[in-house]
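As annotated by TrEMBL, L-histidine binding site applies to ASP130, LEU131, THR132, ARG157, GLN173, ASP177, ARG326, TYR330, TYR331. The domain 'Aminoacyl-transfer RNA synthetases class-II family profile' feature in TrEMBL is assigned to 61-416.
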Amino acid sequence: MPQLGLLHGRAWTVFLGQLRRPPGAVCIRAVRSHSQVAEALFASQLKPQEKSNFIIKTPKGTRDLSPQQMVVREKILNVVVSCFKRHGAKGLDTPAFELKEILTEKYGEDSGLIYDLKDQGGELLSLRYDLTVPFARYLAMNKVKKMKRYHVGKVWRRESPTIVQGRYREFYQCDFDIAGQFDPMIPDAECLKIMCEILSELHLGDFLIKVNDRRILDGIFAVCGVPESKFHAICSSVDKLDKISWKDVRHEMVVKKGLAPEVADRIGDYVQCHGGISLVEQMFQDPRLSQNKQALEGLGDLKLLFEYLTVFGVAEKVSFDLSLARGLDYYTGVIYEALLLQTPVHAEEEPLNVGSVAAGGRYDGLVGMFDPRGHKVPCVGLSIGVERIFSIVEQRMKTFGEKIRTTETQVFVATPQKNFLQERLKLIAELWDAGIKAELMYKNNPKLLPQLQYCENMGIPLVVIIGEQELKEGVIKLRSVPSREEVAIKRENLVAEVQKRLSES
């Protein structure tokens, strides 16, 4: 044990606490020096402890990702971020936690899912629930009037996790948003085009994007006789139609939220309708809805939206669905949600119901909530559900037994003989300096067979081999792992030959 100096502060507190223990407890007696005190304290701490019931696990609703899973996640994120950049977005990051008052009253009934942090004697803080509200706060705080941004980051929600369906308490969101005053529906159409591009590129199978407009929903509530004070509450009930039946939603409206039964029935006549541009035209002719100014504005924008989506070539992927509500309070206009259709890509796959895999909408009033003068910055955006997509890809990997490379190593530097560590280090430094991904075994004198087996197991395509004969002749052996063919090349041509081989593969 290392020599210990004088006891100070906490050490004396521990020591005195030991002295106060009742009979039978570990006690330090007849101490003649500080070193004896320290040794006795250490000895008492090393006594066998009773077995604890503590279980090592991750917190509920969270998980670790293995190296294989990280490879898959990174590929998904690369597809998403590449698409965002292709559309001209800039990257942005915000703190993992915000002032509690920033997040409150922005999420409707879901506000109860926000994680509040314990007050540490300073500011009241909460973990971010999504990436949209922090973005709005950033725009207001920095007086930014126009921005196209993407953000990939973790968010936290205190909901009951359903791991099989890709629902967690801690998860990544990938957001794309366009802020600024522009002509109607052009940014909104681009957001829907981006969703189609990403879902198509990920090869998840067929999908459908539902669209609606909060102004149309509010118009429906108004003409059906819903009191304005109940709009948000009834909207939250309608938002559950993708999970429970109309009968159950109606029961919630009437019994739990005090809506008159005949009003609920009138709402049901509308929210069970879905279709394409023809339904938009039909709603224009509706005798009740056509009398509501808000609803007419929303229908006009949807008609324009479908025109642009037709030009983009994605209108057949989009459905006007009056049941879509998106329960978050900050939406003010067009809203949308992408669902995977249940037909698997391959016959061997089991259908996996993961709910929506992307969603978003227009929120023109959110930035104004944070601006001292209430100046508004119109915004529209989307969020890709990476965790749910990952669940689908992960299941597919298990079904087909796909093997995943967990490293990107291109070359392994090996030797069949002893005392060649320094030569291997020279070679690998040369490869690293040329930007080539390379590894070696961390042993002075490794055997050749384990080195070659490692390359085969890890999928490393090339092996550089150096030994006494190669050193004498000024050459290097270059081995192709898949074919097991070896060729001798001049030592000075190593980097050029490796780069040539890699470019051909």
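Heads up, the Cβ atoms here are built off N, Cα and C, so glycines get one too.
Quantities reported herein were computed from a predicted structural model and do not represent experimental measurements.
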On average, residues of the domain 'Aminoacyl-transfer RNA synthetases class-II family profile' (61-416) score a pLDDT of 91
Most Cβ neighbours within 10 Å, among the binding-site residues THR132, GLN173, goes to THR132
For L-histidine, whose listed binding residues are ASP130, LEU131, THR132, ARG157, GLN173, ASP177, ARG326, TYR330, TYR331, the greatest C-alpha pairwise distance in Å: 21
Set of same-chain residues at least 6 away whose C-beta sits under 8 angstroms from ARG326 (L-histidine binding site): ASN212, ARG214, ASP239, ILE335, GLU337, ALA359, GLY361
Among ASP130, TYR331, the one of these binding-site residues whose Cβ has the fewest neighbouring Cβ atoms within 10 Å: ASP130
